[in-house]
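Asks: My questions all concern the structure below.
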Ligand SMILES: Nc1ncnc2c1ncn2[C@@H]1O[C@H](COP(=O)(O)OP(=O)(O)OP(=O)(O)O)[C@@H](O)[C@H]1O
């Protein structure tokens, strides 16, 4: 928790300091009230006292109460401001940190958990600051100050307050011990609920198509019930706190007046008035002590959850990023080359390598294609080029330099990447195609148009009501699979990168569009090196080099005709897709 607070900005530290000053002022004013109350009691009981004196003492009381109100409001405003600001700072830090995460770190935390940590967990910290700042600082000052004021009044009253405090402590400790583990559990269960909700929303169509609503509901109900019952237990336990404290407060008032009655009864006549005034003042201070405890209880209610949340946030912020930046910028002598030297790779926590001993070189303007059975490691190989993962063994070189030596953004400026699943962002066609930074300049509307044309997406984009400013929904949900793929391809082309990577990016295109697109690519991007993963022989048969993968290893390498001669795996794929006449 305290580690997280090191992230407080200077401005917020100042706000907190100012709040502390107001808190001390408020406590001082609150504790001054009983003194004036005692003065008034004495004045009322003294036969010769004037109304003027009573009014002056009353006026001072009023001024103290008003001062306390102003201080209280100031503390609340300052606490809210620093809490909200701090939450915004932490959310921003988390966002930036997660942006730098590699797939390994994202996988370690899970997307659902990262969302809960950035939203719900940060809110817990905000609540702690906004509500807790007053109590954390105010309660101890108030308790100590009030105790100092009353401790020498009468040992009987002090003892009764002591007993009340011990009972209070026992109630508080029991409730905290019982509820604390549940508060901790609640954050993890919130992750789980988020995960189930997310899965449900993203897979809605499949759920409906398979009439799996009931199954999903059961899953949701289980997650929801777990969270509800943990919440219920913790809050039910905490529900005993307030009535318990109230009971102790009433009991203490009763005890003070009872003891006071006995003391006044046994006292000499001239001491009775002083004792009565002492009793009123003492009960007032004793209530302040109990109030301080109530505030601490509030903290104990918020603290366990906030402390778990703080640990979860620091866990993300302190995570060591596995993919570290190199120092080189992208200004290399060699351009457009990709070379793998005996590359092997195993996913984090996996026992065995997924790909093994991969070596090849792509020269500027060449087309290199990967083909092989599903799950043989094609995507894995090409994901090593933009450094989504680092190799386990061997080297990946881009423009003759190890990818690890580049600054990551410099390396990625060289690459236009089209993922297997086409990803579009909410906005319009133009913002999606001109997306990101290529280290040079933003794509102009004309360049966007040209890229869309090369990607054979102009036919449907031109038909949109707002053409290149046509609306794109989140995830590109208002476009078909093939349209999304073509817009993703246009985005990579518009980047004017040295190397284009297509991860099975033509799979949703019909054969005619596939051919048209490849022809346009060959003509318009002749200087660009193209690395293509494909399932169809037709898509890759013209490639300069085809690499056949089998179980993560290279089973054959060469042009289409060479592989038809030499590679049994390639022949099998080819014959399974095309007739002998088509292949001839
Ligand atoms: N993030 C990951 N963590 C662990 N294992 C993974 C991960 N991604 C892929 N794999 C495993 O690596 C192997 C190769 O996967 P990869 O996606 O590279 O295959 P592929 O040849 O591209 O398949 P497809 O043609 O079906 O897309 C698979 O066995 C898969 O289970």
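Even glycines carry a Cβ here, placed using N, Cα and C.
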Asks: Given the ranges 105-126, 127-148, 193-214, which one is assigned the annotation transmembrane segment in TrEMBL?
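Replies: Checking TrEMBL against the ranges 105-126, 127-148, 193-214, the transmembrane segment one is 127-148.
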Asks: To the transmembrane segment (127-148), which of 12-29, 54-80, 154-179, 240-264, 284-303 is linked by the most Cβ pairs under 8 Å?
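Replies: It is 284-303, which has the most Cβ pairs under 8 Å.
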Asks: Taking residues 6+ outside the transmembrane segment (240-264), which of them lie with a CB under 8 Å of any CB in it?
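Replies: Same-chain residues near the transmembrane segment (240-264) but 6 or more away: 154, 156-157, 160-161, 164, 167-168, 171-172, 175, 272, 275-276, 278-279, 282-283, 286-287, 290, 293-294, 297, 301.
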Asks: Average the pLDDT scores across the domain 'ABC transporter' (338-576) and report the rounded value.
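Replies: When the pLDDT values over the domain 'ABC transporter' (338-576) are averaged, the result is 87.
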